[in-house]
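What TrEMBL annotates here:
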- 7-31: transmembrane segment (TRANSMEM)
- 84-105: transmembrane segment (TRANSMEM)
- 117-137: transmembrane segment (TRANSMEM)
- 143-162: transmembrane segment (TRANSMEM)
- 169-202: transmembrane segment (TRANSMEM)
- 222-240: transmembrane segment (TRANSMEM)
- 283-304: transmembrane segment (TRANSMEM)
- 311-333: transmembrane segment (TRANSMEM)
- 345-365: transmembrane segment (TRANSMEM)
- 372-391: transmembrane segment (TRANSMEM)
Amino acid sequence: MQSDKRLLQTLALATLILFVIVEGIFIIRVFPKYQIPDEEQYIMNVRAYENGNRPFFDSPSNTGHPTLYEFIVFTVKKILGAKLFFYAARFMGLLFFALTLIVAFSISKLIFPGYELVQIIAVAAIALNPQLLLFVSSINSDSLLLLLFSASLLFLVKINLGKHSKLDYLLLTMTLVAGFLTKERFIIIIPFLFFAIVPVVIKKIRHGKELDFIKSAMNRLFISVCAVSTVAAFFLLFVPRYLKQEIDMASYASNFSVSGFFQIFKQFWWGYFGLLQYPWADWLYLVQGFLFLAAVVGLAVFFVRKRNAKVAINWIAMLAVGAIGIMFFVAFYQIKTSSGQARHIYIMVIPIYILFACGITTFAEMIKAKRFVLPAVLVLLLGANIYSVVWKTGWLIG
């Protein structure tokens with residue numbers, strides 16, 4: 001029975017990844033160059049690398065962000081040549097996203113063991129978000145950022161739950177460094193870092209009393225050196241330059257607009273710029289809002305149930321803190337510049353959709369409709385996805 005469930009989960013995950021690859025290739029091939037937002041700015045950074053510059057580090061970045069992603073694209077261009085690199089770079093983003101889905105599934109399994117519906121719905125919600133798929137199928141660092149954040153989160157969950165190896169510490173360090181060199185938004189990982197690592201460090205220190213004195217001392221020294229070095233490097237080297245834009249924004253005049261915030265919520269699935277120029281019908285946004293509210297109610301119920309695992313409840317709380325944190329970040333942008341966009345939230349799309357999956361599944365249990373929740377949610381997500389990409393990009397209209 002358990003093996004059958006695992007097989008079905010594997011098939012479902014493979015089907016979702018296949019769908020993403022097929023639709024992503026459609027987007028890559030059909031939509032013209034520079035018709036997906038920000039592609040031209042990223043290409044300008046790649047050209048700067050070709051001219052011997054390092055955008056953001058010793059010359060201005062055309063995107064305003066660190067340029068690890070552009071360096072990778074620059075390397076791809078050197079290997080494949082100018083003729084193939086544009087579509088290859090787009091496809092690379094799609095592969096990053098496919099890997100992100102596998103990582104998201106692994107995170108869900110660790111936090112919610114035995115909750116198969118939560119695991120699959122979380123991945124399906126990520127995979128079938130049409131605006132997200134459009135961006136990761138373009139030349140845009142969000143695909144790499146999403147993979148690095150989700151990979152870092154996976155290693156942190158494994159370390160926190162004691163299901164890690166020594167290699168996970170090395171991989172975590174690598175993904176953290178790469179993430180900070182990709183976009184400033186990666187700073188949202190810091191609360192997760194403290195939440196996952198501090199309890200482990202405390203446990204090691206307490207347990208060290210029962211270990212060999214030298215081994216215990218070396219463990220403490222290693223942990224202390226790593227922690228101090230990481231924090232010092234970040235604050236001394238990154239903060240003044242890394243968050244300069246955000247620090248400067250603090251002095252801007254504030255402009256609060258309820259309609260602006262509502263538009264950000266609507267843009268989480270479909271925006272109003274570039275190829276995303278044709279908005280959904282209002283009733284679709286109402287359905288989206290209902291699902292969101294149902295998930296919030298379900299999450300609240302899950303959180304107060306004593307029979308649920310403490311691990312899941314703790315991580316739900318942490319994921320919720322992270323989701324609220326990134327929403328405050330976007331709200332800050334909106335208030336100070338009136339330029340907040342839902343795609344700025346996408347770094348947190350894995351935690352958000354894991355929370356959504358947990359909430360909507362619990363809500364379905366409450367109304368005695370658990371057996372219908374997966375097909376209903378999948379039909380809604382798939383329908384919205386195809387409707388958006390085919391009809392709402394203007395592709396058929398020309």
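Backbone N, Cα and C define each Cβ position, glycine as well.
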If we call contact 3 or more Cβ pairs under 8 Å (sequence gap 6 or more), are the transmembrane segment (311-333) and the transmembrane segment (169-202) touching?
yes
Taking the transmembrane segment (169-202) as reference, which of 7-31, 84-105, 345-365 has the most Cβ pairs under 8 angstroms?
345-365
Within the same chain, where does the transmembrane segment (84-105) have neighbours whose Cβ lies under 8 angstroms from its own Cβ atoms, ignoring anything closer than 6 residues to its ends? I mean 6 or more beyond.
13, 16-17, 20-21, 24-25, 28-29, 33, 72-73, 76-77, 119, 122-123, 126-127, 132-133, 136-140, 143-144, 146-147, 150-151, 153-154, 350, 353-354
Same-chain residues at least 6 beyond the ends of the transmembrane segment (143-162) whose Cβ lies under 8 Å from its Cβ atoms:
68-69, 72, 92-94, 96-97, 99-100, 103-104, 106-107, 110-111, 135-136, 168-169, 171-172, 175-176, 178-179, 182-183, 185-186, 188-189, 192-193, 195-197, 199-200, 311, 315, 346-351
